[in-house]
Amino acid sequence: MHDIRAIRENPEAFDRDLERRGLSPLSAELIALDDARKGAVSAAQAAQERRNALSKEIGAAKKAKDEARAAELMAEVARLKEEAPGLDAAQAQAAKVLDERLAAIPNQPKADVPLGADEHGNVEYRRFDSSRARLAEGRQHFELGEATGLMDFEAAAKLSGSRFVVLKGPLARLERALGQFMLDLHTGEHGYTEVVPPVLVRDEAMFGTAQLPKFRDDQFAAGDGFWLIPTAEVPLTNLVRENILAEDELPLRFTALTPCFRAEAGAAGRDTRGMLRQHQFNKVELVSITAPEKSAEEHERMLACAEAVLQKLDLTYRVMTLCTGDMGFASQKTYDIEVWVPGQQTYREISSCSVCGEFQARRMNARYRAKEGRGVGFVHTLNGSGVAVGRALIAVMENYQNPDGSVTIPSVLQPYMGGLNRIEGPNT
């Protein structure tokens, strides 16, 4: 959500930022809507002030025993009373139109975000190479999983349709181990507080993190004003909704392992086989709430926490700075972590870490009281995957596969697997 006062103060800067996102100038339209809102407020206030003044005049007229004048004034008061609901409605409608327009505009990118139209404009930030030799070729995860009978898309399709999977036996345990390992790492070494949040949230929560109203078609509605969460970012970030925090409480760092649900409305024809793009998947989420001057530093820290997962799993990856045309709606700046997937001989996204500034905080009315009497301001919010569990499973299966179809379990996961060091293939 944007601050109309800031837009009024520097409309040219606002329009330049939107232009970097490929949008036409909007400041003039927004200022006109704000003028209409102010006009409606002024009209309602003027009417109320006139009523107050008339009340005094009526008293004076009655005191002077000027009944004709008193009757005339009372008739005007009655007329103003009749008009008041309409003026109030006009005021509310003008504010609603402005708020809805502001809510539909994406966040302003930071100055150091690369300019670009789509993913081809993303810029590599850094990379990490596994200590193991990169596989020049290999089977894809669904080929490995289906061969062992531990990954069943056919059974999932009977239950739920396409873009679902049933995992069994040691492969199901490996997926569970990955999530547990990530939580232990983020809580034990990175200082995040584990949260078990609801996976059903209300409209207001989805609005707060900017899934609604723009991305309604990408979500699963559960009825009665509830939505299945597309990411734990939604409940974790909304923990501070309508709160005023003390600056000493910041930063707040939350993590959660939850199922996530996405309609994938725009994904027709993409990644139709396997687990890369599912309607339901597990993900470990990281959320930070900070003071404004600390958010850039926290963004780098969050990225490093997500990277640590892949480094401990000894998986090759690269970090990409997303360009203006590829970054998310609520983001000021985003880093994507892309892990090497031998079955496709390419990098695929496994984490996305974003700083949103006060964009979400304004939608949630999440504020903090600064030290030394500096008043109350909006917090900054950050979110990142730490990481997507299903995609981590894909990466482990494909990078740790053996010629016989078995999968070696990374050493950091073996304690979570009861000492099991590999998942047997069909020929072992």
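A Cβ is built for glycine as well, from the same backbone N, Cα and C atoms used for every other residue.
Values in this document were obtained by computation on a predicted structure and should not be read as measured data.
Annotation comment: Swiss-Prot describes Thr231, Ala232, Glu233, Glu285, Ser385 as L-serine binding site, evidence class sequence analysis. Taken from Swiss-Prot, the feature ATP binding site applies to Arg262, Ala263, Glu264, Glu349, Ile350, Ser351, Ser352.
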- Measuring C-alpha to C-alpha, could you say which of the binding-site residues Arg262, Ala263, Glu264 are within 10 Å of Ser385 (L-serine binding site)? none
- Query: Going by C-alpha positions, which of the binding-site residues (Thr231, Ala232, Glu233, Glu285) is nearest Arg262 (ATP binding site)?
  - Reply: Thr231
- Under 8 Å Cβ-Cβ from Ser352 (ATP binding site), six or more apart in the same chain: what's there? Gly328, Thr334, Tyr335, Asp336, Ile337, Gly384, Ser385
- Message: Spatially, which candidate from the binding-site residues Ala263, Glu264, Glu349, Ile350, Ser351 is nearest to Glu233 (L-serine binding site), comparing Cα atoms?
- Response: Ser351
- Query: Out of Thr231, Ser351, Ser385, which of the binding-site residues has the smallest number of neighbouring Cβ atoms within 10 Å?
  - Reply: Thr231
- So for Glu264 (ATP binding site), how many other CB atoms are inside 10 Å of its CB? 15
- Can you name the residues of this chain that are 6 or more positions from Ala263 (ATP binding site) yet have a C-beta less than 8 Å from its C-beta? Asp217, Asp218, Gln219, Phe220, His279
- Item | Conformational class of Glu233 (L-serine binding site) under the three-state DSSP mapping | helix
